[in-house]
Amino acid sequence: MASQLIREWSGIQQFPLATQTKLLELLAKLKHENVTTLTILVMGKGGVGKSSTVNSIIGERAVAVSAFQSEGLRPVMVSRSRAGFTLNIIDTPGLVEGGYVNDQALEIIKRFLLNKTIDILLYVDRLDAYRVDNLDRQVVKAITDSFGKGIWHRALVVLTHAQLSPPDCLNYEDFFSKRSEALLKVVRLGARIRRQDFQGAAIPVVLVENSGRCNKNENDEKILPNGTAWIPNLIETITNVISNGSKAIVVDKKLIEGPNPNNRGKILIPFILAFQYFFVVKRIQRAIKDDIAKEDKPLWELRDRGLANREF
Ligand code: GDP
Ligand code: MG
């Protein structure tokens with residue numbers, strides 16, 4: 001990473017003053033906790049607004065946005081520094097192609113991340129989608145299989161297109177909570193996290209509106225329909241997750257080339273089976289044999305063995 005060109009984060013000056021002040025406050029808070037580099041990995045399906053979200057956070061057009069799927073296969077890392085603090089955001093290509101998780105894209109992302117530390121995962125999807133399906137689950141599973149379940153302790157679900165008008169009969173808050181619930185369930189199932197463990201993990205769901213037509217408040221900050229200035233809110237949620245006591249994900253060779261990080265215990269399975277056979281099954285078999293040997297034989301059995309006559 002030393003050779004990487006780290007530019008001054010000048011895009012921050014594009015934000016209205018109120019946003020700048022809040023962002024600098026949050027960066028100061030992170031620095032106070034000895035966090036001077038923040039690496040954010042952005043993942044999700046294609047066309048959900050990953051690249052647009054990267055640009056919104058940085059405050060400049062750093063990565064290409066496309067209404068049609070024409071993304072390359074390579075991830076892009078944008079690095080900016082400000083007052084001794086470095087922000088890295090890694091934009092990735094969509095993980096789905098032709099209705100399946102694109103393993104090649106995933107492999108390229110993993111290699112790109114080698115020797116990097118992921119502080120935060122932004123799992124991006126759209127607010128204005130009405131259903132989740134098995135494919136969403138497969139995407140979550142692919143991320144989990146690559147980086148381990150621990151990545152979900154460092155994750156936020158980001159929903160773009162947040163300035164939507166929900167379909168009739170639903171108010172905005174209800175729509176948001178239904179969509180969040182459905183996506184969080186998919187994350188839990190795809191990551192194979194037990195319900196009770198998942199509740200403790202509490203993955204935040206944050207709303208984003210990347211459109212230039214986003215409403216603004218009196219300070220000129222982009223706001224959501226509920227009045228929240230979403231850029232400071234997103235960065236604040238990220239800083240809260242950083243401070244939640246969980247570990248960042250170090251992407252080393254072992255993680256990339258080793259067995260699925262969630263399956264390491266599976267190596268023990270043959271030993272456990274052998275142990276069960278010799279120490280449990282065999283003992284039970286022996287006990288049953290002994291029992292049978294000690295048992296009084298019924299008359300019919302003695303007769304069948306030709307012993308009955310001798311006894312009478
Ligand atoms: P990616 O494939 O996930 O990187 O998605 P892009 O960032 O390239 O966005 C795909 C399309 O959705 C582009 O036409 C964007 O302008 C549009 N888009 C992304 N985010 C939003 C959003 O929050 N609101 C609206 N209205 N459009 C968005
Ligand atoms: Mg993109």
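Cβ coordinates come from backbone N, Cα and C, glycine included.
Look at TrEMBL and you will find 35-259 tagged as domain 'AIG1-type G'.
According to TrEMBL, the GTP binding site annotation covers 47-52, 66-71, HIS161, 209-210. According to its DSSP assignment, GLY47 (GTP binding site) is coil.
If you look up TrEMBL, you'll see SER51, GLN69 marked as Mg(2+) binding site.
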Mind running the binding-site residues GLY49, SER66, PHE68 against ligand 1 and keeping the ones whose CB falls under 6 Å of it? GLY49, SER66
Within the chain of HIS161 (GTP binding site), which residues six or more apart in sequence place their C-beta under 8 angstroms from its C-beta? GLY49, ARG126, LEU127, ASP128, GLU209, SER211
Rank the binding-site residues SER51, SER66, ASN210 by the number of other Cβ atoms within 10 Å of each Cβ, and give the residue at the low end. SER66
Kindly point out which of the binding-site residues GLY47, GLY49, PHE68, HIS161, ASN210 have a C-beta less than 6 Å from some atom of ligand 2. none
For the binding-site residues listed here, GLY47, GLY49, which shows the highest count of neighbouring CB atoms within 10 A? GLY49
What average pLDDT does the predicted model assign to the domain 'AIG1-type G' (35-259)? 92
